[in-house]
Amino acid sequence: MNAWEVNFDGLVGLTHHYAGLSFGNEASTCHRFQVSNPRQAAKQGLLKMKALADAGFPQAVIPPHERPFIPVLRQLGFSGSDEQVLEKVARQAPHWLSSVSSASPMWVANAATIAPSADTLDGKVHLTVANLNNKFHRSLEAHVTESLLKAIFNDKEKFSVHSALPQVALLGDEGAANHNRLGGHYGEPGMQLFVYGREEGNDTRPSRYPARQTREASEAVARLNQVNPQQVIFAQQNPDVIDQGVFHNDVIAVSNRQVLFCHQQAFARQSQLLANLRARVNGFMAIEVPATQVSVSDAVSTYLFNSQLLSRDDGSMMLVLPQECREHAGVWGYLNELLAADNPISELKVFDLRESMANGGGPACLRLRVVLTEEERRAVNPAVMMNDTLFNALNDWVDRYYRDRLTAADLADPQLLRGGREALDILSQLLNLGSVYPFQREGGGNG
């Protein structure tokens, strides 16, 4: 059956700021306390979405979350009106204010793990929300992510959206950023590659930075998504590269159809994994980048592998890269060699995503891949699909509500909270989502 990969990109939120909240993510840490530009960040993301849609790649948008998220501050013991809560936390514990104001939901590669209908036992598209429990600020996302996905994939005959796994370390799940699918045409059954960093009873794990994904979580997600057991491979990421800042597998590898583009040191027991994939995926091709040409450090700093590998109708592929790759002589030299070599990659497309990159999120972080048949695509909430009208409406919305300068101190401004809620209220109407945000259901959360 014919099917297409639709990229659902996260729209950057109004409180996008640099707080260094993500230990193990070196870009996040080294840009801590810099001044951010939320308006520019949102527009950079929108330009990528529109350019890819115009190039013929189906594209949709996932909206930001409510931030600052007052209900969690109340759970932490801050009381009074919303304004009083903001004032108290800013004065007594500003780190909590930064955490509950993070715009990290923009990186929707961590929103959920997807199983296309061609791979599932019941013939539905399955989406399991990620619990993201390794980082406090990201653990706050799951409930609203579930509401948003249910509003977008609202046809229960075709889509099953599963709640996140229990919030315990044993079941740490980071979503599609640790998941690849390999195979032929999108509508054919594919091989799902779940990548984990640690498992109970296995001493092979990183020592410097945390391994966020567990094998136990990956196995549970595969069960929830009803993936045919014959179409699943579990593989461990190389713990040494996690310790070098590869906090998700999509920082060191990306797949599309029959191609796996990865670093030579991406996986533990890599040669064994690639042999397994060759045996189980027709036409499988591994493009392994040697460490002698691109070091892990350079891969992390440029986000070479946090790229999008997209298929054209003629079978050729386009690699979507952040501008940092073009600015690094060694990486750009390798990429031009790659273009000249015998492989399906025939075009490089470069985007300026500096605002997201400075927090450790490249092109692949910003998108959630969902393979859909034509019938399934028609069943998706049409208001989220990118086109000229939506692009213009979202740009106008960003111009109206987003600031062009934001510091950690600005997060305590009650007007940022009020303006953000007004903006999301308008956006949820524009995207026909209904009442997906807690403030919409609870009358603003005062009291």
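In case you wondered, yes, glycine gets a Cβ from its N, Cα and C as well.
For reference, Swiss-Prot has these:
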| type | residues | note |
| --- | --- | --- |
| ACT_SITE | E174 | active site |
| ACT_SITE | H248 | active site |
| ACT_SITE | C365 | active site, nucleophile |
| BINDING | 19-28, N110, 137-138, R212, D250, N359 | substrate binding site |
Item checked: Number of other Cβ atoms within 10 Å of the Cβ of H248 (active site) across all protein chains -> 29
Check: What number of additional C-beta atoms lies within 10 angstroms of the C-beta atom of L21 (substrate binding site)?
Finding: 22
Next item on the list: Enter the number of other CB atoms within 10 angstroms of the CB of E174 (active site).
Entry: 31
Next item on the list: Around the Cβ of C365 (active site, nucleophile), how many other Cβ atoms lie within 10 Å? Please give the count over every shown protein chain.
Entry: 26
Margin query: Using DSSP and collapsing to three states, where does D250 (substrate binding site) fall: helix, strand or coil?
Written below: helix
